[in-house]
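Annotated features, as they stand in Swiss-Prot:
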type	residues	note
BINDING	Val304, Ala305, Ile307, Glu309, Asn796, Asp800	Ca(2+) 1 binding site
ACT_SITE	Asp351	active site, 4-aspartylphosphate intermediate
MOD_RES	Thr441	phosphothreonine
MOD_RES	Thr569	phosphothreonine
MOD_RES	Ser581	phosphoserine
REGION	788-808	region 'Interaction with PLN'
DISULFID	Cys876-Cys888	disulfide bond
REGION	932-943	region 'Interaction with PLN'
Amino acid sequence: MEAAHSKSTEECLAYFGVSETTGLTPDQVKRHLEKYGHNELPAEEGKSLWELVIEQFEDLLVRILLLAACISFVLAWFEEGEETITAFVEPFVILLILIANAIVGVWQERNAENAIEALKEYEPEMGKVYRADRKSVQRIKARDIVPGDIVEVAVGDKVPADIRILSIKSTTLRVDQSILTGESVSVIKHTEPVPDPRAVNQDKKNMLFSGTNIAAGKALGIVATTGVSTEIGKIRDQMAATEQDKTPLQQKLDEFGEQLSKVISLICVAVWLINIGHFNDPVHGGSWIRGAIYYFKIAVALAVAAIPEGLPAVITTCLALGTRRMAKKNAIVRSLPSVETLGCTSVICSDKTGTLTTNQMSVCKMFIIDKVDGDFCSLNEFSITGSTYAPEGEVLKNDKPIRSGQFDGLVELATICALCNDSSLDFNETKGVYEKVGEATETALTTLVEKMNVFNTEVRNLSKVERANACNSVIRQLMKKEFTLEFSRDRKSMSVYCSPAKSSRAAVGNKMFVKGAPEGVIDRCNYVRVGTTRVPMTGPVKEKILSVIKEWGTGRDTLRCLALATRDTPPKREEMVLDDSSRFMEYETDLTFVGVVGMLDPPRKEVMGSIQLCRDAGIRVIMITGDNKGTAIAICRRIGIFGENEEVADRAYTGREFDDLPLAEQREACRRACCFARVEPSHKSKIVEYLQSYDEITAMTGDGVNDAPALKKAEIGIAMGSGTAVAKTASEMVLADDNFSTIVAAVEEGRAIYNNMKQFIRYLISSNVGEVVCIFLTAALGLPEALIPVQLLWVNLVTDGLPATALGFNPPDLDIMDRPPRSPKEPLISGWLFFRYMAIGGYVGAATVGAAAWWFMYAEDGPGVTYHQLTHFMQCTEDHPHFEGLDCEIFEAPEPMTMALSVLVTIEMCNALNSLSENQSLMRMPPWVNIWLLGSICLSMSLHFLILYVDPLPMIFKLKALDLTQWLMVLKISLPVIGLDEILKFIARNYLEDPEDERRK
């Protein structure tokens, strides 16, 4: 049934053809079940394990590696002689890498449990219905409830469907619907129609929503919608329709992978084609097929060389280390790739309650009557410090601390606050904080009484647990609470009937203490309290009181005001009818006005600084709240989202105002606005969508079930530590302390991580360029193999992997939060950087080939061949005139490979030092700024020595130990790379504009 909230109870009953007293007939139940289906949310069909595994192999680079492994395996199968074992090492290692990557990928996907499944926990098991086949109420499975059923709910029940209330069987009906609407206090319900068909859920005061809890009272209602048609069902559908997009880095790496795979394919084909003329060379035994296979193996080696196999592992390690650092700052990251996305966040959409504010209501102002002289009335106004539930703070008058006990009016005000109250404070010893027990508003009054300490109770030596309610206990010992007249909507107040405690010697009789909405309470006041006397309430006095309340309720403060009053001579207990709430109003008359307290959910202390940080970093903060617009704007001014006197006409909207705009203007509004008030969850998703259409990277906070679709849709969903399981599972990050400032710290960490990732991705790529150049040169010049695939894998995975990981520990730039967010479209490697890495890669490749050639031509223990012999070694036979007296097997010696590999590893270590900073010289940023890098370089070199000097590793890697002369030659060839990169950095610093600066302009 659509818009049930706007229909009268009679219309709802008529729509389903049902009577409130008897309920549906079995025949109607059957028809409705066929028409509407079962009252349950359909289970989400997850991907099978096999589908997840297959997904991991959809990446182009992974497929190229898999192909290389299969080809290597086939070639190894036909290998002869002692090379058989080493030939199998390469495909085996490649497969191991691919399996490890797939396991990590599947584990990550499985770990992000399905938020949709978490919604199931809000489905109640059972429900209580009236049906025509039985006289009394019957308990049935909640899934069997159908639209039109008459359902009974009572305190403690979970609402089984969306229900239109027909009648309330108690004084009041309070519902905790925070999971759905985010309202922090329980909501009082009624039965009258809500005329607005487009009312937001918060305003549907005659509806009970599936999954919410009855906090107090008992009621009868008719089921309007079930299953996926309920509000919680709509949320499920929104989440199911939201596809997870790839993070900017994942997109960049995918693009890079595609480009790399095209380049690899071209180079492999080119190498094979260049050497067609050599297929018949004597070294292949004159067999064309053997020659073709040999060059095919070189093409496979090229593919292995060009792909940075260690990159996925290094990225995962760097992100994992980043998540550990963030966890120390109270940001728990659930999805690794989102660590980097945080770095490009350009908009943060934050909930108000509990994130920008403390979600701990506190009284910050109060007043009592100072004196009344005819029509003249003056007030005593006080302000109170402290913005949490901790009983710490001072009462100030004209900014000077005072003792509350000196003012009789304050003593009575404190008495009303303590007694007209069902809440208390509790010190949580595990968390070390004071927490509320009961309603937020009442806890604020409890805290106020503790701060006022009107009877000068000695509290200094009390433990924190005893301190929590010390001053309230003193007041409660003086007066005994007999009974409570519960809050009701018609009078907007509640009261307690108290009698003096036996031990109390004060000459006071029974009293009624009242608190409630100012207009309602003040209308029933005939007197005002001045000191200990009471004076008649006159028109001007009333005007004065109401004008101050109005002033407090608007403007910068927008305080929530409560009026406090006493009935000095209440009726006798036995004369009062307590089961008829309609008569409570007449008992709460002839009141004496005592004072007013103004409270608010105060902004967190550190939020203002964090918002300034966001402004400096080019990040827009949008506050989204269910509060009314006035309160929302006031909080925005208070925390610095809006300036004190800034015009906010087109920068703040209510959900309704936003909906009334044409679509194009809605999109434009999202580009400008910084405040959305009175919004529904669907608005959050819409706002994210519009922001994404402007290429903004959005972080969205939320804690309720209602926030889950928007959390899932935003690039960074941020759930509160105190939020629901659904919100947490739909988000990328959880704030352990629910604090906005933690988001800003996480953004800073994300930026630092991206900068470091850029460095090590570029470092690994320049290494691969060098390897490709090396293999391409040997093939193009017709030289013997300088590096074989198993050696390349060792370099890519182990020796390069360690320094690359250590580059993740580079300290962040000092101005990291003074730059605008980077564009997600910014390339990983720009034109100049591409040239730089080609230049460095070219040097690496040439140096590696040069080292191998040096051994053949000039080394003391080498064969001393000529350049012609070296480049035509394929034609070497015993009877070939050009190779007279030369053992042809020398061209397969391990020494030149060892020289080439040692030069490659040493140059890569120098390159790691070059990567400490993109453009800063090593003179400005010496190696010891990152001690981890120095450690990893030492470890990489140790591992290189291991494969050179510890048997049987030299045999597996086809290497031989080097002597001192050879090592000196390795250093001579390797060290110039530092000088080359310093020259390129100098050019970048002095003659080319820094791309960061260019973007800032």
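Heads up, the Cβ atoms here are built off N, Cα and C, so glycines get one too.
From a predicted model like this one, the values you see are computed outputs, not experimental measurements.
What Swiss-Prot annotates, mapped onto the structure for a quick look.
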residue	record	Cβ within 10 Å
Val304	Ca(2+) 1 binding site	28
Ile307	Ca(2+) 1 binding site	27
Glu309	Ca(2+) 1 binding site	24
Asp351	active site, 4-aspartylphosphate intermediate	26
Thr441	phosphothreonine	19
Thr569	phosphothreonine	9
Ser581	phosphoserine	19
Asn796	Ca(2+) 1 binding site	24
Asp800	Ca(2+) 1 binding site	29
Cys888	disulfide bond	16
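DSSP assignment over the region 'Interaction with PLN' (932-943) gives 12 helix, 0 strand, 0 coil.
Helix first, then strand, then coil: DSSP counts for the region 'Interaction with PLN' (788-808) stand at 18 helix, 0 strand, 3 coil. According to DSSP, the residue listed as 'active site, 4-aspartylphosphate intermediate' is assigned to a strand segment.
Other C-beta atoms found within 10 angstroms of the C-beta of Cys876 (disulfide bond) number 20, with every protein chain shown included. When the alpha carbons of Cys876 (disulfide bond) and Val304 (Ca(2+) 1 binding site) are compared, the span between them is 28 angstrom. Taken together, the residues of the region 'Interaction with PLN' (932-943) have an average pLDDT of 91. Put simply, of the recorded positions Asp351, Thr441, Cys888, the one whose Cα is nearest the Cα of Ile307 (Ca(2+) 1 binding site) is Cys888. Spacing of Asp351 (active site, 4-aspartylphosphate intermediate) relative to Thr441 (phosphothreonine) is 20 Å (Cα to Cα, whole number). In the three-state DSSP scheme, Cys888 (disulfide bond) is classed as helix.
The two recorded residues the residue listed as 'phosphoserine' and Val304 (Ca(2+) 1 binding site) have their Cα atoms spaced 82 Å from each other.
In the three-state DSSP assignment, the secondary structure recorded for Ile307 (Ca(2+) 1 binding site) is coil.
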